Amino acid sequence: MGMAGVQENGHGEMGLSDFPLGSKNKYKRMDSEFINYDGDDDPLHNYHQLEKRKKSTRKYVYGCAVFASLNNVLLGYDVGVMSGAILFIQEDLKITEVQQEVLVGVLSIISLLGSLAGGRTSDAIGRKWTMGVAAVVFQIGAAVMTVAPSFEMLMAGRILAGVGIGFGVMIAPVYIAEISPTIARGSLTSFPEIFINLGILLGYVSNYAFSGLSAHISWRIMLAVGILPSVFIGVALFIIPESPRWLVLQNRVEEARSVLMKTNENESEIEERLAEIQLAAGTSNTDKPVWRELLSPPPVLRRMLITGIGIQCFQQITGIDATVYYSPAIFKAAGIEDESELLAATVAVGVSKTAFILIAIILIDKVGRKPLLYVSTIGMTTCLFGVGITLILMKEGSISIALAILFVCGNVAFFSVGIGPVCWVLTSEIFPLRLRAQASGLGAVGNRMCSGLIAMSFLSVSRAITVGGTFLIFSVVSALSIAFVYKYVPETKGKSLEQIELLFQDEYGFQGGEVQLADVEHLVQK
């Protein structure tokens, strides 16, 4: 690794143009500060013009990231709202416990089909229009669920919604990573996780708000509200640009240059970035189909797939979706009996999960991905163990309830600080340009499959070994994730997407020692 805070440019050299700039940074890019924008030779005037351009560019890129992340609200809302809606669905449609598990978990299982199809679709029609497909399919599914008169019709709507969500969760991080400037890519690619958390919180609030209605009406309104975010996605498609990297793959180089002009602060870097993208696209040209290369990967790609798919699976098999979907069941095991109090307690979980994602956004491009993963996985392991011990050893009562709420909120908070957002950031960064969409889709498939398996088995496993015993198993899996991060996850902070590919050339070059001492010290100071 190079010096902390210094990036290599596309030619492997160091330069002042690669120092990150912020409002409080004492360094200025001397090669771009005095660019003559409008024929005025006054350096101060040109400096103000440069600052104006930077502000405009940041707003534009942030706006694109926000719009691209709207699909993720749908996933988060479904996760949050089903935790309460399932109580009323069971009462209204008289479904069994097994049917409850299938209804909750099938969306995640089916969404893997959308993630698989999303990779090829985005390569064919573009990143942003794939987001449109996701929104339309989800809207149809949500509408079917809202009017469903039976369990079978409700399942049909869930399947459609799952396909739409599968498209959305895999394409948003890829799109954002491909339009973002290197210096802010980590923060911007975390936006989808922010919106998942926001959706979860909105789902919890919706549960609480509509819980006073009749069982027949309440869950239908809860599910219908989820249609609203997808309406804004339709508007967004006419505002955001296409990914410049996808445009280069389609030989639409001038359009790609135009997008880079809008999304990069430093004009002098635009041609350099475009050249890097063209080189990556050119060197990846091969007659071998993408799917065949993914099924029979060379050693470098195999290491990328292990990292990308592995971190996606660990994000879910540590039980986060089970914690969110079944938080009322967890708090009920701790001693809360009133339904309104159960739903109110879940709002606290949603607030914790949403609030702590902001810490990750602030730190991910400052201290790096790997330190946040260590803090996250160690904290989750501790909290999951705490939930298990509390539910097994303590009797139902106020202390048990307080500790259960504390540890559950702590678990989702540590999740949001690290593995929640970093998981999506990594899988959008590490794969070569030609393979990125479909390889990221495979990672999303692993994520959704693990989520579905956990959600569909939680009630049955909890009945067999108790809720506390289930969380002790989650804590063991979470401990294994710490070792996985040490061995397989490289630090990608401050590197262009094209430079990140080089990290996987050396089989041992990105293991434990990749985290710089300065990064860890910075995190501790924070």
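Using the three backbone atoms N, Cα and C, a Cβ is placed for every residue, glycine included.
When Cβ-Cβ distances below 8 Å are used as the criterion, the transmembrane segment (60-90) is approached by residues 100, 103-104, 107, 111, 128, 131, 134-135, 138, 154, 161, 164-165, 167-169, 171-172, 175-176, 179-181, 184, 188-189, 191-204, 206-208, 211, 215, 218-219, 222-223, 225-226, 229-230, 232-233, 236, 239-241, 262-263, 321, 324-328, 339, 343, 346, 350 of the same chain, each at least six residues removed from its ends. According to TrEMBL, the feature transmembrane segment maps to 60-90 (among others).
As annotated by TrEMBL, domain 'Major facilitator superfamily (MFS) profile' applies to 64-493.
Annotated transmembrane segment per TrEMBL: 102-119 (among others), in sequence order.
Residues or ranges marked as transmembrane segment in TrEMBL: 131-151 (among others). Away from its own ends, the transmembrane segment (131-151) comes close to residues 68, 70-71, 74, 93, 95, 99, 103, 114, 118, 121, 125, 157-168, 171-172, 175, 220, 223-224, 226-227, 230-231, 233-234, 236-237 of its chain (Cβ-Cβ under 8 Å, at least six residues beyond either end).
The annotation transmembrane segment is assigned in TrEMBL to 157-176 (among others).
Sequence annotations record features per position, and here TrEMBL assigns transmembrane segment to 188-205 (among others).
Sequence annotations record features per position, and here TrEMBL assigns transmembrane segment to 217-240 (among others).
Residues or ranges marked as coiled coil by TrEMBL: 253-280.
What TrEMBL lists as transmembrane segment is 342-364 (among others). Residues 80, 83-84, 186-187, 190-191, 193-194, 197-198, 200-201, 203-205, 207-208, 211, 323-324, 327-328, 331-332, 336, 372, 405, 408-410, 412-418, 420-422, 425, 493, 523, 526 of the same chain sit 6 or more residues outside the transmembrane segment (342-364) yet have a Cβ under 8 Å from a Cβ within it.
If one looks beyond the transmembrane segment (371-393) by at least 6 residues along the same chain, the residues whose Cβ comes under 8 Å of a Cβ in the stretch are 318-319, 330, 333-334, 360, 363-364, 400, 403-404, 406-408, 410-411, 413-415, 417-420, 422, 466-472, 474-475, 478-479, 481-482, 485, 489, 515, 519-520, 523. Per TrEMBL, transmembrane segment is recorded for 371-393 (among others).
Summarising the annotation, TrEMBL assigns transmembrane segment to 399-427 (among others).
Residues annotated as transmembrane segment in TrEMBL: 439-459 (among others).
As annotated by TrEMBL, transmembrane segment applies to 465-486 (among others).
Counting Cβ pairs under 8 Å that are 6 or more residues apart, the transmembrane segment (188-205) and the transmembrane segment (399-427) reach 3 or more and are in contact.
With a cut-off of 8 Å between Cβ atoms, the residues of this chain six or more beyond the transmembrane segment (102-119) that come close are 75, 78, 82, 86, 89, 95, 130, 134, 137, 151, 154-155, 158-159, 161-171, 321, 325, 437-442, 444-445, 447-449, 451-457. In terms of C-beta pairs under 8 Å, the stretch of 217-240, 399-427, 439-459, 465-486 lying closest in packing to the transmembrane segment (157-176) is 439-459. With a threshold of 8 Å between CB atoms, the same-chain residues lying at least 6 positions outside the transmembrane segment (465-486) that come near it are 310-311, 314, 317-319, 322, 329-330, 333, 370, 373-374, 377-378, 380-381, 384-385, 387-392, 419, 458, 511-512. Confidence in the domain 'Major facilitator superfamily (MFS) profile' (64-493), given as mean pLDDT, stands at 83. If you look at the transmembrane segment (399-427) against the transmembrane segment (217-240), you find fewer than three C-beta pairs under 8 angstroms, all six or more positions apart, and that falls short of contact.
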